[in-house]
Ligand SMILES: O=C(O)[C@H](O)COP(=O)(O)O
């Protein structure tokens, strides 16, 4: 059985400001750095062999901290990036016009072809996240990878493993530096392949940030 751990990066400046990031970037806040150290301390107990991160700055910084705790190197994979939010990237979520908010809502309300102009659809996001996950199956026997990615990206990955369509209404909250685990397994009482063992655990954090996904 292959266990794969999933971590959303630490709180960033734009998370705290409720500014849409997508594939744009902002640095971790002091809180975000603290969260990364705390999830790193927990990861140290999990036997992690590989740390693989989205190539954006916030995920690479989080991965560096986790990898240092686990004694691993960091590998980057751009397929783990956050959903491309197109023309709304960098915008404060409260600054959107009614039409712009309607575009954003299509990403969370179950609209199959939903997307922000110049951005990605949830189906396109799902396809690249599953490709990045499938690459873990080619790691040497006994590997235990930890992937560092983003809120929408990881939420879409976990929800689709549970059998929901990529564009399903979003009902899984993955806070900054939350830890999830998915297993590739053949158990008699579970579907073969990927299953969700744990999702969104923040018990290792002393004071979880009120990141922008839950306000
Ligand atoms: O702002 C965004 O793009 C999302 O709401 C969250 O993205 P993040 O998980 O990369 O902060």
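Glycine is no exception: its Cβ is also placed from the backbone N, Cα and C atoms.
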Checking 146-168, 169-191, 192-214 against TrEMBL, the stretch recorded as transmembrane segment is 146-168
Listed in sequence order, the recorded positions from 11, 14, 22, 82, 150 whose CB sits under 6 Å from ligand 1 are 22, 82, 150
Nearest to residue 22 (substrate binding site) by C-alpha distance, among the recorded positions 9, 82, 150, is 82
